[in-house]
Every structure is written in C-alpha cells, then in structure tokens.
Amino acid sequence: MSKTAYVRTKPHLNIGTMGHVDHGKTTLTAAITKVLAERGAGSTTQYVSFDRIDRAPEEAARGITINIAHVEYETDTRHYAHVDMPGHADYVKNMVTGAAQLDGAILVVSALDGIMPQTAEHVLLARQVGVDHIVVALNKADAGDEELTDLVELEVRELLTAHGYGGDAVPVVRVSGLKALEGDPRWTASVEALLDAVDTYVPMPERYLDAPFLLPVENVLTITGRGTVVTGAVERGTVRVGDRVEVLGASVETVVTGLETFGKPMEEAQAGDNVALLLRGVARDTVRRGQVVAAPGSVVPARRFRARVYVLSAREGGRSTPLTTGYRPQFYIRTADVVGDVDLGEEAVARPGDTVTMTVELGRDVPLETGLGFAIREGGRTVGAGTVTAVE
C-alpha cells in the first residue's frame, strides 16, 4: 500500500512536556491525543495510549540513551510535533543535546505536590536552551483542594518569573489528564482549554526559511535496497527531493533522493520539520550522529570559538568547585559531542553560578556560528550552558 503524502495545511510547531517525575506528563500527553482524536469526523489526530508513550524506544545519543516519545496532533489552527520524556534524566539529556528543538513547552505541575526539585531544574534548562514560551498545566486538579491549588499556582508563577518567563502573563490551566482519558466532560474541556492556551500564547517562531538549509544529524538508519537515511529537525532553510547537500564531518557531497516526516513522504521540508532524508550513494558508516547536513558551501567547520558561558551551581546539579584554564570537558554542540580545552583568559577562575567569557579549542572541526547554543558536560552531568559569540 502506498504511503499517504504529508500535506502542509497548517503551520507547524515543536512542543514538549516537562516537569517533575510522576506529576503526570505522559498521562497528559496521552489525554491530549485522545481529546483531539475524538473531536469529530474531521480529526486527523490519532490517539496514542499512555503505555505507548511510556515505553518509547530508546534513542542512542552519543553514548547516552534517551527514552523519548514523539507524537503528533492537530488543533484547529496548528500542527504539533510533541515530545514527552518520561524520565528526569531523559529530559535533561534531551534538552542538553538539543534532540528536540522546542518552540514552546507545557510545564506539568501536580496540584497536589506543587513545585519539586525537578520542576525548577527543568525550567532553568528550558531557559538556557532557548525555550522562550511556557504554558502551565496544573495537573491532578480533580483531586486537589482549591485553596492549595491557588497556592501552587502562585508558587509556579513566582518560579517562572525568577527565570525570566514573566510568570504573571503565563497561562496556567487546571487539568486532569487521568479524568480526561476517562472521558469526563469537565476535564476533557480543560485539556481543550490548555491546547487553546498553547495555540494563542506560543507564537509562530521565525523559521529562517530563507537561510541556507541545515540539519543536525540525530540518527542514521539503513533502508535495505534504498540507502542511508539521516533523521533530525531542520534547523533552517528548506530542502527538496533532488537538492544537492553536503555532510559536514564526512566530507561527502550527495543528493537527497527521498524525504519523509512521521512516515509520510513530502516534497519539501522546511525549518522546524522533523524529517528523514534519504541520501544517494552514501555509505552507512561514513555518516554519524553529530554531523551536519547542509547546503554545499554554506557552513565552514571550525575548532576555536569564543563564548559566553553560565557555570551551573552545585544546587543546580553542577560542580561544587571552580573551573580554571586548562579544563577539558565535553561540549555538546547541536547533536555533536566533542572534547574541548577551555581558556578563561584574564578571568582565570569561573566559580559555580558565574557567567564568564571563555575561548574553546575543540578536539575536531565542528560547524560553528555566532549565536549557537551549547552545553558543557562532565561525568554524565551538565556543568555549564553557553552561546558562541565569535568563531576564530
């Protein structure tokens, strides 16, 4: 049976759920798909059950595995690709590696428990990796006391304000993912209200459609008889079947012979789309996660760059001791993981909680440009987050 082609009828956004473990992120994600799937005869959304999201296959990301579930759904005005990361470690790794470039996020907070350590950590991480818009779902509101829920809402707004999200303006919607899954009309309506808030509060991002095509490689697959496929989110520009592209890091120039999103063929992919690209005549072992597929000649790989970096405090899960010149951590840039030497120049020491300027010399060439965000990792934890200010 031939596959149905992907038809772009609505603007596309990438969204994700975040929040403390057991506050109901996965249940709410399942409820969103169920409510939208049952909206009427014209619904294009398919219901995805809790178990299917919760048992999402592991995705290998440079030596670390991430459990991440991808679902898609449509509201009246938009098409969403939604990621749910069931475990806390999965969320941290995902945000740090940029495996999911989110245009906005739904922060799920239990009305019974309020803010927990992971709630605050997820908000901090979202801010660092450039998620500019958050909508709050106060979950389990069916079981909570109204006065207590009011207090939790106040707490959440204060937390968001502290991290630069303008907590007073952020939509906070009281929901019950569980009751919505059970079909309770009141709580089904609450999920619809949440989606309305996402539709109206999270703006359409600038997608850089006019810029040269660039896609950071997240995964590489082989389709028997057809060739090598790379998957990832298009960072900027557009790509069509037949376009010439180069794989930076593999020094290969080739042609895109196939294009799919969520298993549906498409003629053209644009910035923000999650896609699979079939590349002509490229051997499976020449391409790997961390490389970049781009319009030929549009990006020059480099090793040295200057950056502004925030060093996480011990309270945020970072180091308890300062960094000095000569420090050699792992740099997570787009989907690449590269060791690098740090030179702090005149600053000499960077204490946990400081924001500093540093020069970095990477162990190998990586496509770099001003404004690119990255994370610094050491011993399996994030110790810093920064932005490239100059490429040398």
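Here the Cβ of each residue, glycine as well, is placed from N, Cα and C on the backbone.
Same-chain residues at least 6 positions away in sequence with a Cβ under 8 Å from that of Asp22 (GTP binding site) are, in sequence order, Ser110. Residues annotated as GTP binding site in Swiss-Prot, with sequence analysis given as evidence: 19-26, 84-88, 139-142.
Marked as Mg(2+) binding site by Swiss-Prot on the basis of sequence analysis: Thr26. According to DSSP, Thr26 (Mg(2+) binding site) sits within a helical segment.
Summarising the annotation, Swiss-Prot assigns region 'G2' to 63-67 and lists similarity to another entry as the type of evidence.
The region 'G3' annotation in Swiss-Prot covers 84-87.
For 139-142, the entry in Swiss-Prot reads region 'G4'. Packing against the region 'G4' (139-142) from elsewhere in the chain are residues 23-24, 27-28, 108-112, 149, 174-179, 184, 187, 190: each is 6 or more residues past its ends and has a CB under 8 Å from a CB in it.
Mean pLDDT for the region 'G4' (139-142) in this predicted model: 96. Most Cβ neighbours within 10 Å, among the binding-site residues Met85, Ala141: Met85 holds that distinction in the structure as shown. Gly19 (GTP binding site): 26 other CB atoms within 10 A of its CB, across all protein chains.
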